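Colleague: One structure is given below, represented as structure tokens, and several questions about it will come after.
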Amino acid sequence: MNSKDRRQSIEKILLEANNAKKGSELAVTFGVTRQVIVKDVALLRASGINIIATPEGYIIPKIQVDSIRRVIVLSHTKDEIEEELKIIVRFGGVIEDVIVEHPLYGEIKAMLMIKTYEDIKNFLSRFNSSNAQPLSTLTFGVHIHTITAESIEIMDKIMSELRHRGFLILD
């Protein structure tokens, strides 16, 4: 298979996938190295394909015209990360990303795409085993999430619970 056909196949796999696909999985599928997949993904992005790299792998987001999206500002301790994520997921929300405003670098954004308790478990497992600090430590706990929900009622429940717990700064 030539590189053009491989890129078309990668795009098709990502469009049809229900879960993120790791670069290493795609490399095995196509019999190439992960570095070749990284290059292919970069070329697909350059051609206008909206491929997002998450901690779980690559995805092409499904466009949900009727979903509600909000950008919210929150603050909590490192020990409260799990609770914050579970509040959002419990009501059916998706945590798309985390953003912090850094005084030197400006906006720093990481894609999360957390939508299930299993996603939370995997994220926390990677977090705890990496000895890394959350981005929000750069801003003393203050951070931004883009969250989506299927309805305004679901979004209102999420916002209400985050507000009740004292996590929500602005909404």
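Placement of Cβ uses the backbone N, Cα and C atoms for every residue, glycine included.
Annotations for this protein, taken from TrEMBL, read as follows:
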- 6-59: domain 'Helix-turn-helix type 11' (DOMAIN)
- 72-168: domain '3H' (DOMAIN)
- His76, Glu84, His143, His145: Ni(2+) binding site (BINDING)
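Distances, neighbours, how buried they are, the whole picture for these features please.
Modeller: For the domain '3H' (72-168), the model gives a mean pLDDT of 92.
Around the Cβ of His76 (Ni(2+) binding site), the number of neighbouring Cβ atoms within 10 Å comes to 20.
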Colleague: In the domain '3H' (72-168), how many residues does DSSP assign to helix, to strand and to coil?
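Modeller: Secondary-structure breakdown of the domain '3H' (72-168): 45 helix, 31 strand, 21 coil.
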Colleague: Taking helix as H, G and I and strand as E and B in DSSP, count the residues of the domain 'Helix-turn-helix type 11' (6-59) in helix, strand and coil.
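Modeller: Each residue of the domain 'Helix-turn-helix type 11' (6-59) counted once, the result is 32 helix, 7 strand, 15 coil.
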